[in-house]
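Features reported for this protein in TrEMBL:
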- 1-21: signal peptide (SIGNAL)
- 227-249: transmembrane segment (TRANSMEM)
- 287-311: transmembrane segment (TRANSMEM)
- 323-344: transmembrane segment (TRANSMEM)
- 356-382: transmembrane segment (TRANSMEM)
- 388-418: transmembrane segment (TRANSMEM)
- 439-461: transmembrane segment (TRANSMEM)
- 481-505: transmembrane segment (TRANSMEM)
- 517-536: transmembrane segment (TRANSMEM)
- 548-576: transmembrane segment (TRANSMEM)
């Protein structure tokens, strides 16, 4: 049995491949062959719709050898393969021939459809990604009445490589428009694919070679947006803090003072009369505690990922690095979901904690697995690289089965064994107090609207930058700003949750448990709504891209619904305990 588990651990470590190359791995002597891989092609406006490079009839080596990839690279849609291009360190090449080729009518049709959709290619040289377009489309302005579109295929690629000492710093590629081949007519065409490589020295240090990918995010306009978003969040926090301070000073303290001085009849008014109902376990308590457990797991996951980005472990175009960490940490942090769900359940019930822990295990994983399965079927039908091969699916299932599930159960056992029995300030009544008919602005839908709108207004500018990074080509490389924004959002949700819970209790509505989760999580509903707005305003198109956009954003926003809901519940729980313990002391 021990050998079996050891074998599984070795398999997972080999598959995830967390080690990142150090500078010592990137030294080359003059004339030494530099690792080069072709990756994928796809339409510029559809980031999720990518295909293998050799799906288009380019010059291909025999045989085509695919690079062994980590799980994160596979999830990212990377499919690296060898190529006929040859790069020798600091050796220029002028008009080197890849291959002569006779393009058939069908192959011409493939290229024309690709050019029409602005297909780009992605290559890697010494682990540096770079891009270029495969052709260009021009309007025929010389034919009277308009002659339609003219298609040109780039058959010559110019590579410009910068080096410092014996290390590669930067690489660029572009198709030479002066050597583009006219392929508008549906006839066979004889072409010769060529390339040139020029090497130039630079003073940029190796440690800073990834900085060029962040220049788009460091432009003054983006900096202004980031800081405006941060200042916006701080202003909202100050306003909410002032309102809550006013609430505490003028209302809550007065209520407590009146309670201590009043007779028995006057005490049973407002939120004070709910002391026998407010701590009554809610309906579907197992599901509620599972939400809190899963939300806690995802919150810790987000914080750790932001920290890793902050210290530079995660950086732009670290192939599959983010997804590697995401998968592994999600499995490891299952222990927090099990512990939190079981410990909350154990405070109110002696039995049934196993069901709560089981719900915590499937509450997020289940919907994501269903969504991923549907998207995978769509991707495979399109032969897109985002479709997961069978081996990667097996690795994910093994990871969940032999790592996530045992840790979830272990956390549940620890949480239940070391639970603390909840001491209610007053005994619960036999029958719950009847709740009066509430005005429309005090009901759950409107409170959810307020609870979601206020935090969303603090992050909407930053959210646009994140979506532009996920679904566009604006590289997001400011994790410090993202981290600094995430903290105020948590504070805002906490403050709003306290205020809405007090409003609810003040009208003698004791069913605050689920409402606190819904009001906190409703921010994610606004986030999903904004993602639809972002899609409508973008140039993305096609069923494949639409499916992945909706599916990925639904999973992402559902995660934030659980995170914000768990935060809101915890804060509301502490607030309710605080005010009713004060009532008991009075």
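Backbone N, Cα and C atoms are what each Cβ position is placed from, and that goes for glycine too.
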>> Which sequence-distant residues neighbour the transmembrane segment (517-536)? Criterion: at least 6 residues beyond either end, Cβ under 8 Å.
In response: 288, 291-292, 444, 447-453, 455-456, 460, 463-464, 467, 471, 489, 493, 496-497, 500, 546, 549, 553-554, 556-562, 564-569
> Counting only pairs 6 or more apart in sequence, are there at least 3 Cβ pairs under 8 Å between the transmembrane segment (388-418) and the transmembrane segment (323-344)?
Replying inline: yes
> Where else in the chain does the transmembrane segment (548-576) make close Cβ contacts, counting only residues six or more beyond its ends and a cut-off under 8 Å?
Replying inline: 48-49, 278-279, 288, 291-296, 298-299, 302, 363-364, 367-368, 371-372, 374-375, 378-379, 386, 451, 455, 470-471, 490, 493-494, 496-498, 501-502, 505, 512-513, 516-525, 527-528, 531, 535, 540
> In the same chain, which residue numbers or ranges, 6 or more beyond the ends of the transmembrane segment (287-311), come under 8 angstroms Cβ to Cβ?
Replying inline: 322, 325-326, 329-330, 333-334, 336-342, 344-345, 356-357, 359-360, 363-364, 479-480, 482-483, 486, 513-514, 517, 559, 562-567, 569-570
